[in-house]
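Worksheet: the structure to be examined is printed underneath.
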Amino acid sequence: MRDYLNNVLTLTAETRVEEAVVSTYFPVVHPVMIAVCCFLIIIGMLGYCGTVKRNLFLLVWYFGSLLVIFCIELACGVWTYEQEITVPVQWSDMVTLKARMINYGLPRYHWLTHAWNFFQREFKCCGVVYFTDWLEMTEMDWPPDSCCVREFPGCSKQAHHEDLSDLYQEGCDKKMYTFLRGTKQLQVLRFLGISIGVTQILAMILTITLVWALYYDRQDPRTDQMLSLKNDATQHLSCHSVELLKPSLTRILEHTTMANSFNTHFEMEEL
């Protein structure tokens, strides 16, 4: 998922560079993000079921899945960081940029002209590697006026014939790449990735704590003894309560029988 420098030259004049750079990631980012989110939802549901049912197998599987995903994310982040440092600009980027310079100034490619002028003014650079790229790759006799330190109409022609120090001496390749790596949208994606990683670490800590607690409860004999004593005590109290209630029930039945006999005798006397 490396962004090539030539992607910045596929903009329209109305599109901001930062937005267009991120759009080059979309064909890859969207399917990957959707697949990862679906997988995380499934893992989260299994983790929830394991927590509710106190199932050690599901909880261990949930922890292992989070750990694998976190390691993959960490490896991708480290690889991307190393790529930024060790391979800031590749040769293919410079070749592609130079090949497109021939279209500079053509009415059909006004967006290309606008992009080059923007970068050269904004980053105080000229060409891809050096200002002579304009002379090598195009039919121009001197660089664009946006290469001038003090820009005014015809400044590059004057500098080319009189004093080359009035032109920017540094190329735009490295500055372009640094700019692309520092756009707001990419920073948001990085912040989102860090937030997800921190959340996964917290989830793993809570999961391993719960697994340890459940495993300890199942392996502790004192807990089993306490549970068996509690059950025995409950059964004993139930039996004792029944025994205590037996005399009371007997007396209630005797009183009920005597009352019924008295009522029967009274009715017979009335008849």
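A Cβ is built for glycine as well, from the same backbone N, Cα and C atoms used for every other residue.
According to TrEMBL, the protein carries these features:
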- 28-49: transmembrane segment (TRANSMEM)
- 56-81: transmembrane segment (TRANSMEM)
- C125-C155: disulfide bond (DISULFID)
- 191-216: transmembrane segment (TRANSMEM)
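Ranking the disulfide-bonded residues C125, C155 by C-beta neighbours within 10 Å puts C125 at the top. C155 (disulfide bond) falls within a helical segment according to DSSP.
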